[in-house]
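Taken straight from Swiss-Prot:
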type: ACT_SITE; residues: Ser1257; note: active site, nucleophile
type: ACT_SITE; residues: Asp1375; note: active site, proton acceptor
type: BINDING; residues: 846-966; note: nucleoside 3',5'-cyclic phosphate 2 binding site
type: REGION; residues: 299-387; note: region 'Disordered'
type: REGION; residues: 567-596; note: region 'Disordered'
type: REGION; residues: 765-785; note: region 'Disordered'
type: REGION; residues: 1504-1527; note: region 'Disordered'
type: TOPO_DOM; residues: 1-73; note: topological domain 'Cytoplasmic'
type: TOPO_DOM; residues: 138-1527; note: topological domain 'Cytoplasmic'
Amino acid sequence: MADSGASVPSPDLPDLDSLHASLSLPDIPSVAATSLSTSLPAISAKVSGFPSFSSHLPPPPLLSPPTPTTMVGWIGWVFSLVFQTIPSVLYWVITFSTITLPTWLFTLFSMSLTFTMNFTTLLLIVLGLVSTVSWFIRYRFLNMYSRLPPEPQRKEPQLDLFPDVQEGDSKPGLANYLDEFLSAIKVFGYLERPVFHELTRTMQTRKLIAGETLQLEEEKGFCLVVDGLVQIFVKSMRSGKHGLNGEVIEGSSDEDDQARDGKQGYQLLTEVKNGASMSSLFSILSLFTEDIRLRASEGSSSSMSSVQPSPARTTPAPFLDSPGEMLNGSPMVLPRDSEVDSSAINGEAEPLPPVPPLHLGESRASSYHPNGQSTASERVRGNRRKSVHPDIVARAMVDTTIAIIPASAFRRLTRLYPRATAHIVQVILTRLQRVTFATAHSYLGLTNEVLGIEKQMTKFTTYDLPNDIRGAALDRLKDKFLKEKDRLGSEEVTRGIALHNPYAGRRRRSMSFVRKEAALKAKMPLPKRPNSLINPERPFHGYDTAGVSPGDLLSTIQLSRFGPRHDQFATTPRLHSPLTEKERSPLRRSSLQRKDSVDEDALFRESILDCIMKGIGLTPSSHNALRKGSHSGELSPKLVSYDSRRQKAVFSNNAFGFIDAYEGSGDGDTESMMSMSVTSAGGTSPIVYLREDLLNDIEIVYFPKGAVLVEQGERHPGLYYVIDGFLDVGVQVNEKGDDLVGASRPGHAQPDEELFPTLKRTQTATSRGATAAAPINESKRKKPSRKSLYMIKPGGMQGYVGAMASYRSYTDVVAKTDVYVGFLPRASLERLAERYPIALLTLAKRLTGLLPRLLLHIDFALEWVQVNAGQVIYHQGDESDAIYITLNGRLRSVHEGKGGKMTVVGEHGQGESVGELEVMTESTRPATLHAIRDTELAKFPRSLFNSLAQEHTGITIQVSKLIAQRMRDLVENPMTEQGEPGNTGSVKTATSTLNLRTVGILPITTGVPVVEFGNRLLSALQQIGVTDGVTSLNQAAILNHLGRHAFSRMGKLKLSQYLADLEEKYGMVLYIADTNVNSPWTQTCISQADCILLVGLAESSPNVGEYERFLLGMKTTARKELVLLHADRYCPPGLTRKWLKNRVWINGGHHHIQMAFRLTAEPSHPQTKRLGTVLKQRVQILQAEIQKYTSRRIRQTPIYSAQTPFKGDFHRLARRLCGRAVGLVLGGGGARGIAHVGVIKALEEAGIPVDIVGGTSIGAFIGGLYARDADVVPMYGRAKKFAGRMGSIWRFALDLTYPSVSYTTGHEFNRGIFKTFGDSQIEDFWLEFYCNTTNISRSRAEYHSSGYVWRYVRASMSLAGLLPPICDEGSMLLDGGYIDNLTVAHMKTLGADVIFAIDVGSIDDNTPQGYGDSLSGMWSVINRWNPFSSIPNPPTLSEIQARLAYVSSIDNLERAKNIPGCLYMRPPIDRYGTLEFGNFDEIYQVGYAYGKEYLQKLKSQGSLPLPEENEEKKKLQRTLAPRRASI
């Protein structure tokens, strides 16, 4: 039994084990599993009915969870989990969701709950709920404008004044004698090494003790101070008015000299310090031209008559290969009295023998005289008779060392280096005009003295035509013009009719031919052929040459190639030289034409050319002297070249290389060709080429009576020779002459490039002569009275001085009668002067001979000063001793306030002066003056004023006018010390954009298309008409002009002078930095710029670029402006701020320009490999992109499209740079300001561009809308939407608050403005914009041009009491109209030339009041409602407060109306109230109708500055550009 009992549970044990395993889940603790296993035997014992046998059986060994080593245990555990645990969990979930949860819900919903409350409680709960929702919407959703990231106004950059290391007036880096000397001879311009050594070889020094005097009248040389201080005195009295050479000047009308009582005192002219010259510009000219003859007629005729037999007067003698030989080989014998006169350039009084002596000294020159005599004694006697320093005495203040270059050195330099001499003379003549003539004419009113020089010059330049062509031939010429005059209209005739020139068509071909032949000849051997060039058989001349024979000209060919008049055809002489035969081939074809049609015209041209060349000093004797100079040029070490292959290299930088600053030759070898052909010893003179050129260029022109040939202030177009008729030379009486110093003349537009020099006159004369284009403007322009000075008769020349020396005309030239003139363009004269130095030397000699004594003394006192970039000229608080006139460069006046704060007072460009007021009042300097870039100045000492005032009392009147004008400017624009940034913005940019002469275009980083940008800007500047034209320069242009050594150390002097001449010639020069960062051209662009445009791509990274880092490293103080190029006409909000944030050096503003460009950056100089493949791929890509848009049926037009060309972005930038910006000022007036929208639409329809927008109150709102997109359509829509919001009475009522500060919270007003502008910033606007506010915390007006638009527009519209002030950086801002409701004055400071000012403010009630000394409020109310009362109603309390607030605004409004250039407009909107925004359409129509009517009235009066008129004139000039109306 026991065994059976023991064996019964054994088969159940595995089941128990499986049960144990199934109950022992992995997550059950082991303790629970153990207790369960211990209770299992007891349970099994109860079930089986047996007593417990646990004590008899051992515990089961397999009751623990299966281990990983037991595979069967794992399988059992998994089966238990799947088939038992998971179903149990699912069962529980289903039971809870279907039974338990519904039961709970049923129980909950079956319960009853009752709440009891009154209506007040319910209403409070609802109000609380609504308030919560309203608060959330109001303060969390609708006022996002208050949670914008803070963007304060951009502070104006602090001015960088780099420390000045120089003391006072000391020169930079002067440490020794040589530096002092080099500083003094800078007046000569660029000197190459041989010229410099030759000039200084015989220099002497002299020591003066303190108090010692030196009679400069006895000194014959160039004097300069090396060390010490010298005072220059002038003798105060002298009988008569003498010229430089001691001769009494004719026509001088200075009665003051005879009115003296005979005092022989001395007046202090100036003080000369270290490194300055004691000689004047005129005295230097006289040293170079001591032996030049003034008039060629007597000398040439006598010499020619002595040379030629009397029957041969009809056959002029050509110029020989050897100056000492005649046609038959016999030596020339010149009379004694003509020996000195025939020597034109060298200092010797006799012609050199055929083989020049191999020496350089002048002392042995007399031994080579053919007669064995020397004229040195005569020269000494002549020098004693005349002095280059008349009446001048120098006194040393301290022990002084002076250096003297004797006159012999200048004579030797003239003989050895004629072209270098001509270059020096050209430089001095240019500085003479800029310094002495301009100062005397403009500042001192010495118009008669300056203009008298040109009047007296006519006695040297008048040559009559031969008699045989003044009779029937001239009548036939007139008949041709009369026929053409009848055919053409009056307007065409006024511009001039030119006779057809048959040679003009071959002009360019012959020029290239000349260059080739010159190169050929330079490589040819130089044979000795004394007279083989000239053919003994000369054609017969059928006309008399009693006056001037054409054969007297500088030519190796027969000039009169026409036979007798009865001959049917003309023939050309046969020249033995193959080279000259080749030269003559172009003209041979033209000569075989009908004699009666072509030859007569050509004869006129030949004769006119004869007279012109005699007038300018090109005569046989001068040619002989030139040939001597050429022979002696053999001695020049620079000219010796033993390798013909290296000749080109030798002469590419020769000492005679005259820098032609005005003629941009496309041939880089032109200069060297000229040098070789002119200065080669022996050989054929290239005069034949020049002769051919001049015949090609000369024109015969007819002008009717009243036509203007030259306008006052313009550069001379060329030389006019009067054939028949009279020219009247005069000046405008009301002309102040300020423009003659070089300042800009806004009303005078000239073309930019002289592609057709012969048409220069027509391009300027049409503005006066043509009356059909703009009759109103022309009649108004002719209103100023004109004063006639003198007349030019037949045989006279006009424009000799101006055209030869490239001066501007001080007079205008009008045809007194119908006049026939020969015209030689200025470019031809410049070519002539370049090849033949005698022309400039003759001009210089004549100028020095005609100089009045007064101008000579002024020239002595004026000092030419050159300062470096950043150099301080004088400091604030220094003693004022001189006035400074800017000749070239740019200056800036800076006022240093409290705490070292720098404020820009003004900038002074070319032609402007600074310092008059303090010099005249003997006060200290009010500001520091420093040079922005390398600058040339004319220093006008105060001692000169004192001397002139005592001796010439008439000058004091002119000086008094000058001081009065400066005082008036100071009163109107006081230089007050502004300590706050809000108002200094207008002062810092006071005159910074006026008179900009150079603009540098610099990319921010590589890949910016600056070349394309520069070309488009150049085109825009040309279209708007820059005074004197505009040109652009890049590295290729510079290398083409000056060669590959332009940027070397030696070439920098050439480059600087070339750039200075360009800036003097053109009104504006663009420097395009199209090279690498560290290239010399990039450095030149930065150092030469008055204003630097930093160009960047708006969508690219705003990080600082490599070009900017290079710019900052150069430490330039020029004005810097940022230009952002956009592919589309849109600027995302905040983009501009990112660019300006890291660029504190941008001190001139920024511009948004739309320009299509490639988004992929390209290097400045891409490699040329696979260029064709790359271009082909790019073209294909561009075609595909274009076809994507052009193939669509519907083309989406942009929001804005410029309807007129001058409304483009480049034209806007061009007007800003030229100072011709158009400003729009919108005044405040509440709802009446809706009329602004209508007026702006009228301006748009009239085609008037707007460049700057400023506004006050509602004007700030409308102006901001217009400046944002520069279009009327979005402005109209947004303005109407805003007016609808403001017209809602409910919005106003919901915004009411307790009136502790204001009646409304301002939220609805803020929301209306913010919904219009969004988060845009003022910097992102397409047009420049500003608005003004009243800072009641600091009691001043502020102008805002940066920051969030909505804030400052809201501040400008904040009426006191209605809206709370806007808080800005701790200050409270209110409506700007309280101080200035029409900000015309501030707009003027931003550079606007024409300002449209629209005033919509309320009109003050000026009704006289008479209610007595006391006033009852009750009576006032009754009187207001009494219709029968005749007493006007007294103002209410609110009206009195309003009038009090606008007191200063009314005063500023009256001033604004009188500001020059302001066009005041006031639409008839007085019947509308300040808050009547509901009448939007009606007020808009009133403004639109008024604007159209006003602009039409201005247009009919000719007062509208419409760019269309200028464009019309430019189109007219462009149609004239190819040629005048020709026969």
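Cβ from N, Cα, C; glycine included.
The model shown is predicted, which means the values in this text are computed figures rather than measured ones.
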The residue listed as 'active site, nucleophile': tally of other CB atoms within 10 A of its CB: 30
All-chain count of other Cβ atoms within 10 Å of Pro926 (nucleoside 3',5'-cyclic phosphate 2 binding site): 16
Spatial neighbours, same chain, of Asp1375 (active site, proton acceptor) - Cβ under 8 Å, 6+ residues apart: Gly1228, Thr1256, Ser1257, Thr1333, Thr1334, Ser1356, Met1357, Ser1358, Leu1359, Ala1360
Number of Cβ atoms other than its own within 10 Å, given for Arg942 (nucleoside 3',5'-cyclic phosphate 2 binding site): 19
DSSP three-state assignment for Arg846 (nucleoside 3',5'-cyclic phosphate 2 binding site): helix
Among Leu862, Val894, which are binding-site residues, the residue with the most C-beta atoms within 10 angstroms of its C-beta: Leu862
Candidate with the highest Cβ count within 10 Å, taken from the binding-site residues Gln910, Gln958: Gln910
Proximal but sequence-remote residues of the same chain as Arg846 (nucleoside 3',5'-cyclic phosphate 2 binding site) (Cβ under 8 Å, at least 6 apart): Leu294, Met457, Phe460
CB contacts for Asp878 (nucleoside 3',5'-cyclic phosphate 2 binding site) [other CB atoms within 10 A, all chains]: 15
Across the topological domain 'Cytoplasmic' (138-1527), average pLDDT on the 0 to 100 scale: 72
Leu862 (nucleoside 3',5'-cyclic phosphate 2 binding site): secondary structure state under DSSP, collapsed to three categories: coil
Secondary structure at Arg942 (nucleoside 3',5'-cyclic phosphate 2 binding site), reduced by DSSP to three states: helix
Coarse DSSP state, helix versus strand versus coil, of Gln910 (nucleoside 3',5'-cyclic phosphate 2 binding site): coil
Structural state of Asp878 (nucleoside 3',5'-cyclic phosphate 2 binding site), classified by DSSP into three states: coil
